[in-house]
């Protein structure tokens, strides 16, 4: 009997059509997925049920009816008896859109619904032993107030106890969050905060009182420790725009600053200088001495305490020795426009020093006139060139240009009638003393930005050499024009600024230059052509710094193949080099304790005078000449 019943049931199951719910596709829009399962006739033996995800955010929680049987204890034996009750509960019509549901509850319910679908898909294929043939009945119920509003329902009778309990928990959680009314409470709290917040107003900065805002010292408050105000400081004198005004034009009286003008000693001094108006008749163009005899004479030159003189108050910028054979007279030009004269034969030695003030700025160049040794010509930065005449006791003005600053000059003619003057701005002036007035005959500009020294060739006096920033140029005075004069030759071997450039005193066959690159250079100027070759470069420290006068290497007028230059070496010394670069002699001693930047040698006698930056002169001479 049982076999026949089983066979009949098996045949009946083959003929009866089976139902299968459409599978959920992930690319469908969840918000518009219908809860009504589509009916599909499948000729298979088993039926599979898939749950489509749904959202409770569009429905009101008070109208959502969950099955009460989920709260009871479920088991596999109770599925059949409670099937009808679950159907009726889940087939109710759910009203549309639930309002005022928090976003947090929505996301929780959506995630839970999606999880149910995923877990059911995983569990149902594996439980083949417990699979049941479920008949899915789809019913439509209509609301009395609407004609077409229908809501699909699902049959949850085939769910496991775990799934039904899980749906119950989801529903209870949704009810709980809805009962809290979090969104409404948040809205009310937000309104309360906005109402309580006072209006924002810009804070006004308090005005500072006129009193002292910060702590200050008694020195700044100008009070003493007892609190008494200190007396007001005296008003400093107003500085004049030009601290060194130019001296008035015209001749200046020769007035000594350190000696009385009316005493007999000063008159005797002027008479002594005026008596030297005749130039020396001794031939200075005799042949050169041998180096051996020259060294012997240099070794006999000594310095003593009696031959150190304090002449001026400022640094010495220029120096000249009078060519007298009987008296030793030294002239110096100082920084503050002073011209000092020193007679070494006068005793005591303080009585032989006379200081005059013919200029207002540094005296950079000083020469005794070759035609009249009683005349001394001085040139200054203040743009004046004066001639001191001791026979008349005046400083006569030779050339004046208040718009320019002079740097150096030399005599173009042997009778000292014409002069060439170099300017700091690179211009050159040709001055004729025979022309009335204090102006120039010709003014020309050079290709140099600055001129420091000017020196005339001793034989071919139409040529003169200038030293400037980087180059040394040789010009022809006959070719100077009013616009810009081009040099005949340029010595371009120098790498830094040049302090001086001088022809050799007798023949002019050599040129010595002093450069800031710590080199002395000697050139062969025996043939003034397109190029003058470099003969010798002597390494010598010429870095004097800011407070010392720059070195200027000069030829010995008696021995034109030897150069005299100051030295920065210790102990202090004055050195003489041969044109080949060999050191010939070094002057020194216990009374030479400073750097002698400016040096001059007597044209015929073995007398050397060196000036330092404190206004002192140091004289080396033979004991016979003392």
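Cβ coordinates come from backbone N, Cα and C, glycine included.
Feature annotations, reproduced from Swiss-Prot:
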type	residues	note
REGION	1-21	region 'Disordered'
REGION	95-159	region 'Disordered'
COMPBIAS	99-123	compositional bias 'Polar residues'
COMPBIAS	140-150	compositional bias 'Acidic residues'
REPEAT	311-352	repeat 'WD 1'
REPEAT	358-400	repeat 'WD 2'
REPEAT	402-441	repeat 'WD 3'
REPEAT	493-533	repeat 'WD 5'
REPEAT	535-565	repeat 'WD 6'
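Within the chain carrying the repeat 'WD 6' (535-565), a Cβ under 8 angstroms from the stretch's Cβ atoms is held by residues 284, 288-289, 294, 315-317, 453, 499-500, 502-507, 510, 512-524, 574-581, 584, 595, 597-604, 606, 608, 611, 613, all 6 or more beyond its ends. Secondary structure by DSSP for the repeat 'WD 5' (493-533): 0 helix, 18 strand, 23 coil. Residues 284-285, 452-453, 455-460, 463, 465-472, 474, 539-543, 550-557, 560-561, 563, 565, 577, 579, 603 of the same chain sit 6 or more residues outside the repeat 'WD 5' (493-533) yet have a Cβ under 8 Å from a Cβ within it. Mean pLDDT for the repeat 'WD 6' (535-565) in this predicted model: 94. For the repeat 'WD 3' (402-441), the DSSP counts in helix, strand and coil order read 0 helix, 18 strand, 22 coil.
Taking DSSP states H, G and I as helix and E and B as strand, the repeat 'WD 2' (358-400) has 0 helix, 25 strand, 18 coil. Here the repeat 'WD 1' (311-352) has, by DSSP, the following mix of helix, strand and coil residues: 4 helix, 17 strand, 21 coil.
Secondary structure of the repeat 'WD 6' (535-565) per DSSP, as helix, strand and coil residue counts: 0 helix, 15 strand, 16 coil.
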